[in-house]
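**Student:** Got a structure for you, written out below as structure tokens; questions coming shortly.
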Amino acid sequence: MSVTYDDSVGVEVSSDSFWEVGNYKRTVKRIDDGHRLCSDLMNCLHERARIEKAYAQQLTEWARRWRQLVEKGPQYGTVEKAWMAFMSEAERVSELHLEVKASLMNDDFEKIKNWQKEAFHKQMMGGFKETKEAEDGFRKAQKPWAKKLKEVEAAKKAHHAACKEEKLAISREANSKADPSLNPEQLKKLQDKIEKCKQDVLKTKEKYEKSLKELDQGTPQYMENMEQVFEQCQQFEEKRLRFFREVLLEVQKHLDLSNVAGYKAIYHDLEQSIRAADAVEDLRWFRANHGPGMAMNWPQFEEWSADLNRTLSRREKKKATDGVTLTGINQTGDQSLPSKPSSTLNVPSNPAQSAQSQSSYNPFEDEDDTGSTVSEKDDTKAKNVSSYEKTQSYPTDWSDDESNNPFSSTDANGDSNPFDDDATSGTEVRVRALYDYEGQEHDELSFKAGDELTKMEDEDEQGWCKGRLDNGQVGLYPANYVEAIQ
């Protein structure tokens with residue numbers, strides 16, 4: 001494809017050779033491309049840093065959530081510790097990925113930004129100084145040769161036109177000989193025309209050859225000047241290429257966690273924690289604490305004593321150890337004792353029978369004293385288990401299906417979370433957010449630094465508070481993300 005040189009030399013370019021007029025522009029464009037490539041590399045690293053940060057946050061949230069679930073779940077002993085080791089691994093790996101993010105942005109990103117600023121200098125009229133210098137250098141080196149090339153093209157065009165005219169004159173003269181109507185005078189004019197065309201052909205040929213010779217004589221100097229400017233552009237590009245290689249190697253070191261001593265230690269510790277799990281030890285512990293190894297106050301003969309105001313029958317003692325936990329006690333007066341969740345958990349051998357006995361019989365009721373009654377409050381919705389229903393059944397096979405997963409997000413984070421402790425209401429306090437927080441679960445609040453909300457409950461043992469936004473949304477948020485409004 002032919003293009004026209006924009007320096008008004010009127011030369012048509014028939015190839016993409018560097019030596020053709022105007023084809024140096026690809027070399028000039030490479031300078032502008034270098035600046036754009038610096039920006040592209042910075043954007044590339046910035047996106048990777050965002051990914052590293054998001055992954056670190058997800059690991060932290062995952063570890064927090066599952067640490068809470070495992071702590072309150074039915075798993076026990078050394079296997080529980082091995083399971084919990086994965087949460088510690090996630091937290092430590094999260095820290096490493098945050099370090100990767102910091103290295104990418106603070107070291108690599110800033111290094112590219114500073115180099116770009118030092119290597120490329122913007123002009124008031126737009127563009128870069130380096131681009132204009134290269135453009136002017138090539139234009140100056142090519143201008144004399146392009147001028148001679150223009151003369152050659154003009155001489156060639158004139159010579160070819162003369163040759164064409166000569167051929168036409170000869171053709172007319174040959175045709176006129178066969179025409180008897182032409183007089184000798186007309187025939188002589190045609191012959192004179194042929195002679196004149198031959199002279200024009202000779203003159204244009206000499207001029208064409210002369211201009212071409214002059215062009216050939218100026219070509220070595222043209223090539224030398226163009227080569228000099230091109231080498232300057234090559235040196236500039238070499239600096240950029242070497243810099244990119246250096247930066248990419250540093251990025252590789254920052255991303256390669258296998259070379260971090262702490263990374264190997266994380267998985268060494270994880271493996272040791274898993275290998276420390278001992279099924280025999282866990283079974284022995286469960287036998288001693290929840291099985292036949294437990295101590296028992298076997299029934300013995302007791303002498304009757306008039307000083308005893310209250311006695312418990314064997315049946316009552318059995319019920320007391322069957323795991324019935326009272327959540328409310330109504331006394332004879334208007335006074336009532338607050339409910340207190342049990343700190344221990346006893347699994348009844350027959351839950352249905354125990355529940356029936358609990359509702360129909362009070363083990364602390366004095367058989368002789370009709371003035372005092374002890375009963376459960378029917379309207380109390382407090383749970384008698386502090387964390388997890390130990391008697392619930394689990395599916396035989398583990399499944400990713402949320403409907404069969406006892407630790408699914410619906411159960412673990414929704415309103416029916418079996419691990420949630422009873423909420424205890426407190427005095428509402430207005431607080432202000434210190435940092436931005438984006439809720440990771442549907443029961444968590446999202447807010448920006450400076451937003452105000454209402455704290456409804458004090459911080460729990462996991463570091464979370466219950467609060468309400470001004471739009472009425474109620475949920476959980478990290479306690480250390482806010483401060484009380486003075």
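Using the three backbone atoms N, Cα and C, a Cβ is placed for every residue, glycine included.
What Swiss-Prot shows for this protein is this:
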- 1-362: region '(Microbial infection) Interaction with HCV NS5A' (REGION)
- 11-282: domain 'F-BAR' (DOMAIN)
- 25-274: coiled coil (COILED)
- Lys53: N6-acetyllysine (MOD_RES)
- Ser273: phosphoserine (MOD_RES)
- Ser313: phosphoserine (MOD_RES)
- 314-426: region 'Disordered' (REGION)
- 327-347: compositional bias 'Polar residues' (COMPBIAS)
- 348-363: compositional bias 'Low complexity' (COMPBIAS)
- 383-396: compositional bias 'Polar residues' (COMPBIAS)
- Ser399: phosphoserine (MOD_RES)
- 404-416: compositional bias 'Polar residues' (COMPBIAS)
- 426-486: domain 'SH3' (DOMAIN)
- Ser446: phosphoserine (MOD_RES)
**Student:** List, in sequence order, the same-chain residues at least six positions removed whose CB sits under 8 Å from that of Ser446 (phosphoserine)?
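**Tutor:** Tyr437, Glu438, Gly439 - these are the non-local Cβ neighbours of Ser446 (phosphoserine), listed in sequence order.
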**Student:** Please report how many Å separate the Cα atom of Lys53 (N6-acetyllysine) from that of Ser273 (phosphoserine), as a whole number.
**Tutor:** 27
**Student:** In the domain 'SH3' (426-486), how many residues does DSSP put in helix, strand and coil?
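**Tutor:** With helix first, then strand, then coil, the domain 'SH3' (426-486) has 3 helix, 27 strand, 31 coil.
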**Student:** Same chain only, sequence gap of 6 or more: which residues have a CB within under 8 Å of the CB of Ser273 (phosphoserine)?
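**Tutor:** For Ser273 (phosphoserine), the qualifying residues are Lys81, Ala82, Ala85, Ser88.
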